[in-house]
Every structure is written in C-alpha cells, then in structure tokens.
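Asks: Sharing a structure here in structure tokens format.
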Amino acid sequence: MNMYHVLLFCLLINVACVFGQNDDSVSPPQCIVNGDCGATETCVNLSCQNPCPGTCQGNAKCEVHDHVPYCSCKPGFSGDPFTGCQQEAPNCTTSGSSRGKKVYRVERFIKVNWYAALIHCKSHGGALATIRSREENEQIKEEIRKTTLRNDRFWTSGTNYPQGHWIWMSTGDMLPDFTDWLPGEPNNNGGNEHCLHIVEGNNQGYMWNDVPCTELMYPICEYFE
C-alpha cells in the first residue's frame, strides 16, 4: 500500500498522522481499494479477502480474476451456478425458450458493479440480461428508453472471463451471431475490460461496449412471464 492510501485511511478515521511517528495504537489497513490486494482477493472492510466462500452453489465452482469473482458450472453440469447446477441430459438446452415470454427490467434505483448486478437480479427472481437476437436487442433498448435515464450505462451478463471469448454468464451461452458493438469494440482497453454493458454512443443510440467489471452502473434484469 502506498503512502497516499495510508494518509487517506487516516483522514477517513479522523486520526492525526505525522510522518515518522511510531504509534503502535494505529494499525494501517490492509487495503483501501481492490488494487491494494492480490488479483484473487477483494478489499472488504479495509481487509483483503477471498470473495468466493458462499457465492456459488452445488456443482459449481468459483474463480476470481482481477478481484472479480464469478461462478460457473463444473464440466458435465449446466444451469444456474448461483442456485445449483444440474447434471446435463443429452441434448439439453439452457436457452429458456420454453419458459415463456422474456421481459427486461432496468433497475434504475441502484448502481453496482457487474458481480453485484448478477446477485441483485438473481435475488429478485430473475437473471442479469442476456440478448439472443436482434429483436431482443431492440426490446432491451426500448426498456432503457422508457426510463428517465439518459447518457448512462447499463449492465448485461456478457463477459469474456475466463475463456477469452464472450458469453452470457446468466446462461453460459455464447453471444449470438448478431452483435451490436460500438465501432472498434470490444478493444479491452487497458487490458481489464471483461464485462459487457450497454451505453448511449455519440449519435449512434444504445450499443454494446466492454468495460472493467468493477465499474458501477444500472443492472438490467430479465424475467420470464
């Protein structure tokens, strides 16, 4: 941890710090931000911790990349890793096509990181948004336009962790042949853009873009009627 973070900690807890002062009564925190921890840990309550315990359910595994945890089904299993994966049957599908009509809802009262967006949608009986077709892409844009939010950003469940190719984390499905990336995207700018969000581009309407998974934005949840 650098001196800036130590000083910031002191200001936060209203402790007077003096360079060179040796005061055993004040212990500096392990971390202020995730970057102070190892890549497989997150900063929680000023301490570097493993974010995985309790996150994934039966037959699922949790891994952490660049401080962001994710769940995935073990080989031979499929389904929702947050509630429990089931052993695959021959020719089984997780597309949700037989579950009824898909509806999207923009959670416009909270801004969270990508991982928290996954949990939020799941805890409300849905899933972080997937897009399987051009029609669903237009449907999700229409839901955004119905809100009063403008020039903002919205999470989907798209990610390229850990395989290096883009999938919808909510289902494990690959992105469809149809995509709607902004020109030049995804570009993994800075080497840490691994999550897919929808953003209003310059005079181009709402389109897809890759960003760091730790950024805060509105989740879009999906449900089946």
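Cβ coordinates come from backbone N, Cα and C, glycine included.
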Asks: From the disulfide entries in TrEMBL, identify which of Cys52, Cys73 pairs with Cys62.
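Replies: If we follow TrEMBL, the cysteine bonded to Cys62 turns out to be Cys52.
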Asks: Give the number of CB atoms, excluding that of Cys62 (disulfide bond) itself, located within 10 Å of its CB.
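Replies: I count 16 other Cβ atoms within 10 Å of it.
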Asks: So how many of the residues in the domain 'C-type lectin' (99-222) end up helix, strand or coil by DSSP?
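Replies: So the domain 'C-type lectin' (99-222) is made up of 26 helix, 39 strand, 59 coil.
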Asks: For Cys52 (disulfide bond), write down the residues of its own chain that are at least 6 apart in sequence and whose Cβ falls under 8 Å from its Cβ; none is a fine answer.
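Replies: Cys62, Glu63, Val64, Pro69 - these are the non-local Cβ neighbours of Cys52 (disulfide bond), listed in sequence order.
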